[in-house]
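Trainee: According to Swiss-Prot, the record shows the following:
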type: BINDING; residues: Cys15, Cys18, Cys37, Cys40; note: Zn(2+) binding site
type: BINDING; residues: Pro123, Thr124, Gly125, Ser126, Gly127, Lys128, Thr129, Leu130; note: ATP binding site
type: DOMAIN; residues: 3-56; note: domain 'ClpX-type ZB'
Amino acid sequence: MAEKKGSSSEKTLYCSFCGKSQHEVKKLIAGPSVFICDECIDLCNEIIRDELPTGDAGREGRGDLPTPAEIKTNLDHYVIGQEKAKRTLAVAVYNHYKRLRHKDKAGKDEVELSKSNILLIGPTGSGKTLLAQTLARQLDVPFVMADATTLTEAGYVGEDVENIVQKLLQSCNYDVERAQRGIVYIDEIDKISRKSDNPSITRDVSGEGVQQALLKLIEGTMASVPPQGGRKHPNQDFLQIDTTNILFICGGAFAGLEKVIENRTEASGIGFGAAVRSKKQRSLTEVFQDIEPEDLIKFGLIPELVGRMPVVTALAELSEDALVQILTEPKNALVKQYSKLLAMEGVELEIRPAALKSIARKAIARKTGARGLRSILEQALIGTMFDLPNVSNVEKVVVDEATIEENKAPLLVYREAAKTA
C-alpha cells in the first residue's frame, strides 16, 4: 500500500506500515517502492530501546563519553602534578555529561540529577585555567573563559554576566544546542568577594551585586542574548539560552583564605588535648585541604553562590621539581616550543639541567608559578633569537645556569668548529 491515485492526476503517497497518507504525517521517507512515516520510525526506535539488554543500554547511555580514568590520563599529558584536583575534576565532569544524557532519556517519574559546578582554589600559575581548557578540548564542547574582575551589575559601565553566554555562543558559531552543553570558566572569582561583612550604604557594583547576577546564571536561567553579537536595544529579537546544563568552573587564588581557615581550625583546637602545631609548619597546600564552605562565606562569597558550587578542590603549590617537569614533559612544554622555534632556523636548542632548575627557582621567587616560566625563558633567549637569522653556521644554542642567574648570553656552537661565542 504505497500509493493510490486520487480524483485528480496527482498521486497521494501512503506509509507502507501504518497506511497513513502523506497529509496525515509530518514526514514520509521513500525506499525502493515503499514508504515509512516519522511516527513508525519513532515506534521502531522505542521497541529497540525497550528490548536492549541493561549492559548495552548503559554503554549506549555513555556513548563516546570518556571515563574518569581516560579524562585524567589526557589531563596528565598537559598538566603536571595536581593529582587530587585532576581526579576530582575528571569525576565531576564525567558525572555532569552522564547526567545530561540521562536527562535526555529520563521519564517523568525518574530521579532528577542536580548539576555540580566546580570551584578551583590555588595560587597563581598552578594550572587552574589549563585544566579547564584541556577538559573542554578533550570533550569537544564549546568553551569560554571569563574574567570576573571585568563584570559589573547590569546597567553599569562594564560587562554584565550575560556577556559570558554571548561569548559562549560565539565560540560555537551561534549553535544554541551546543552552547547549552558547553563549559564556562570564570577566573578571579575571589576578586568579587564582599569587601566587608557589614552591608554598605554605597553600591558594590563589582562585588556582591555581580555574585547575585552570577548566581542566577550558574543555577540555571533563560539568558537573552542579541543575535550575532549585536548590542541590546528595544524591539529586538533575542536568542534565548538555557544555562541549566552549562557546566561552570570557577577559579581563584583566594589570597588570605588560609588565615580564615587557620583561625577556624585553631579556635576548635584549644585545650589540653589539642595538638600543638605552629602556623609556619603548615604549607599553603596543607591548609587548603581543611577548607569548609563556611570559610568561603567568611572570605566574602555569598552563601547561595557557595552552595551552587559543591565540588571544591584545592590545587597545590608547584615545587621546583614540578616546575622543571612542566618545562620539559607536557606535549606543549615550553622547552619543546622554543626548540621548534629554533629548529625553524636550522639550530638545535640545549637547556642544561642546572639551567632548568634555575628557571624554576626564579619562578618560585617571583610567586608566578608555571605562568612565569615563559617570561624567564624568553628573556634568556630574546637576544639570541634576534641575532640568529643574521648569523650563519650556528649549529646549537646552549643555555646554562649562568645564562639564567647572571643574564649572560647563551653559548653558540658553530658547525665548522667547536668554538663557542
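Every residue gets a Cβ built from N, Cα and C, even glycine.
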Trainee: Give, as a single whole number between 0 and 100, the mean pLDDT over the domain 'ClpX-type ZB' (3-56).
Mentor: 76
Trainee: Can you see whether DSSP assigns Cys37 (Zn(2+) binding site) to helix, strand or coil?
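Mentor: Strand, per DSSP.
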Trainee: Quick check: which same-chain residues outside Cys15, Cys18, Cys37, Cys40 lie with their CB within 8 A of the centre of the Zn(2+) site CB atoms?
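Mentor: Neighbours within 8 Å of the Cβ centroid, excluding Cys15, Cys18, Cys37, Cys40: Ser16, Phe17, Gly19, Lys20, Val25, Leu28, Phe35, Ile36, Asp38, Glu39.
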Trainee: Restricting the comparison to the binding-site residues Pro123, Ser126, Lys128, which residue's C-alpha is spatially nearest the C-alpha of Cys40 (Zn(2+) binding site)?
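Mentor: Its closest listed neighbour, by Cα, is Lys128.
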Trainee: Give the sequence-ordered set of same-chain residues, not counting Pro123, Thr124, Gly125, Ser126, Gly127, Lys128, Thr129, Leu130, with Cβ within 8 Å of the centre of the Cβ atoms defining the ATP site.
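Mentor: My list of surrounding residues reads Gly122, Gly251, Leu315, Gly369, Ala370, Arg371.
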Trainee: Relative to the Cβ position of Thr129 (ATP binding site), how many further Cβ atoms are located within 10 Å?
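Mentor: So the Cβ neighbour count for Thr129 (ATP binding site) comes to 16.
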Trainee: Which one of these binding-site residues, Pro123, Gly125, Gly127, has the sparsest Cβ neighbourhood, judged by other Cβ atoms within 10 angstroms?
Mentor: Pro123
